[in-house]
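Per TrEMBL, the features are as follows:
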type	residues	note
TRANSMEM	12-35	transmembrane segment
DOMAIN	17-456	domain 'Major facilitator superfamily (MFS) profile'
TRANSMEM	100-122	transmembrane segment
TRANSMEM	129-146	transmembrane segment
TRANSMEM	187-207	transmembrane segment
TRANSMEM	219-238	transmembrane segment
TRANSMEM	306-328	transmembrane segment
TRANSMEM	340-362	transmembrane segment
TRANSMEM	368-390	transmembrane segment
TRANSMEM	402-420	transmembrane segment
TRANSMEM	432-454	transmembrane segment
REGION	495-518	region 'Disordered'
Amino acid sequence: MQSSMMEKLSFLYKPYVLAVLTIGYIAGELGHYLIGVTSKATAIELDYGDQACQQNHTDFLRHELPAQCAEFIIEHECHQQHINGTVYCEWNYNGLGLEYQLLAGPSFIAVFTVMGVVLGVAADRYNRVRMLFVCTLVFAVAILLQGTVKEYWHLILLRMVMAAGEAGCNPLATGIMSDIFPESKRALVMAIFNWGIYGGYGIAFPVGRYITKLDIGGLGWRVCYYGTGVLALIMAVLTGTTLREPERQSIGEDAAGKAKVNLWKVLMQPRVLLLMFAASIRHSGGMTFAYNADLYYNIYFPDVDLGWWLFAVTIGIGSIGVVVGGVVSDKVVAKMGIRSRVACLAISQLLATPFAFGSVYFEPLWAMITLGISYFFAEMWFGIVFAVLVEIVPLQVRSTTIGVFLFVMNNIGGNLPILVDPLAKAIGYRGSVMFFYAGFYGISTVLFFITMFFMDGPKPEDTAATIGHDPTSHANHVEMGHENNTFQPDDYLPSPHTNGANGHRNIVSVRPSESSRL
């Protein structure tokens with residue numbers, strides 16, 4: 001009887017696995033991005049970062065003030081600002097400074113990228129469910145302990161530990177799902193799972209803002225980390241006790257017997273180097289906004305609550321932009337050749353750039369409107385970049401090339417925002433964010449445009465027959481198994497294109513593992 005009941009409920013196992021892995025991923029990303037929202041409250045308790053004159057918690061609106069608090073750079077002048085005897089400015093930590101930028105970026109990214117490679121290799125040899133259980137447990141405990149810290153260096157250390165655990169989340173989870181779900185459903189499954197990046201980032205805004213303000217039990221910002229850590233712990237237990245290791249699919253290329261390709265020569269191609277550099281600059285712009293958005297809007301619009309706006313824009317519009325970018329690249333632009341893919345990439349970032357400037361220039365209403373428009377176009381980039389990359393490198397070294405590409409992109413893009421602080425001291429925080437956020441969008445547009453001229457244009461239809469004989473061509477695609485590396489295998493998102501006008505057969509796209517596509 002019990003066996004019969006289990007058989008009847010077996011159809012629920014696959015969606016259950018997807019739910020457990022996705023919620024665990026959301027918890028990890030929430031722990032990753034919470035610091036960007038709680039940094040001011042955290043800095044006040046832990047004594048790190050810059051101090052500045054800021055509007056206090058009185059009920060005055062900015063337009064009612066005779067002078068804006070941010071104009072005063074001397075402490076005693078800050079305290080002298082009042083309306084009818086009510087002081088409206090305070091001198092306190094603002095959550096910014098070099099210490100914050102180190103905390104948000106390099107301390108996490110350095111460990112995340114290195115451990116991603118290590119765990120990706122280990123995933124090919126050991127039980128992935130057990131490894132994912134350990135990884136989830138590690139970042140869950142690290143997030144939980146961040147709520148107990150007493151010193152700044154405690155927070156740095158725990159973010160590094162958190163990064164080590166979270167580095168295994170995406171490659172291990174996607175490897176498990178790729179062996180559970182059929183190819184026909186794999187694209188949808190990966191889209192749902194990778195939404196965890198936007199889910200965690202977007203949820204960080206209301207959680208970090210409003211839970212902190214509730215000051216539950218007098219714990220303030222610490223409750224955010226306790227709650228996130230407990231959620232991650234629950235998902236770790238469910239992962240370790242209810243999921244089972246699926247049977248691995250064989251790797252088709254192992255039996256193909258293809259000639260060796262020199263990885264170094266592939267990486268040193270001008271078009272690969274240009275694409276890598278352009279992607280790194282674009283990623284840096286996105287990470288600058290991710291780590292500074294809440295702090296920026298709190299500093300310049302302290303009397304306006306934008307928490308739910310930021311939540312809606314990042315989760316809603318950002319997710320739509322990712323999907324639209326993939327559809328445009330796969331179903332429309334791919335038919336016109338690789339060069340047109342890169343053109344689409346450049347155009348999308350060009351359209352996003354002026355609106356990105358608007359989001360840090362205008363008053364709150366128009367800032368949110370322009371941010372939404374910018375996000376829609378800007379977030380198309382990630383999928384298109386890797387769709388281009390898999391088409392310009394030989395199949396034999398495609399996975400390794402993507403791994404190197406991600407390593408470089410994450411380290412440059414994740415660490416460059418540390419320069420926001422020194423530039424802010426020279427030209428102001430708004431100008432610095434403008435440069436590294438919207439300015440880098442614009443620079444990446446130029447770089448993508450230059451890269452376009454190094455790509456091949458559409459191929460004549462009569463070359464279709466000859467392409468299939470090239471052992472290094474992506475057109476000669478063999479049904480692949482799953483390598484479970486720090487990126488996802490090439491067959492995760494099978495493209496519907498077969499024998500198109502450009503002669504390409506079975507062109508596939510990739511959704512690599514990454515901490516953030518922002």
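Here the Cβ of each residue, glycine as well, is placed from N, Cα and C on the backbone.
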Contact ranking winner - 100-122, 129-146, 187-207, 432-454 against the transmembrane segment (306-328), Cβ under 8 Å: 187-207
Positions on the same chain near the transmembrane segment (12-35), where near means CB under 8 A and six or more residues out: 42, 100, 103-104, 108, 132, 136, 139-140, 142-143, 146, 155, 159, 162-163, 165-166, 169-170, 173, 176-177, 180-181, 189, 192-193, 195-197, 199-201, 203-204, 207-208, 224-225, 228-229, 231-232, 235-236, 238-239, 242-243, 290, 515-516
Feature contact check the transmembrane segment (340-362) with the transmembrane segment (219-238), CB under 8 Å, 3 or more pairs: no
Integer average pLDDT (0 to 100) for the domain 'Major facilitator superfamily (MFS) profile' (17-456): 87
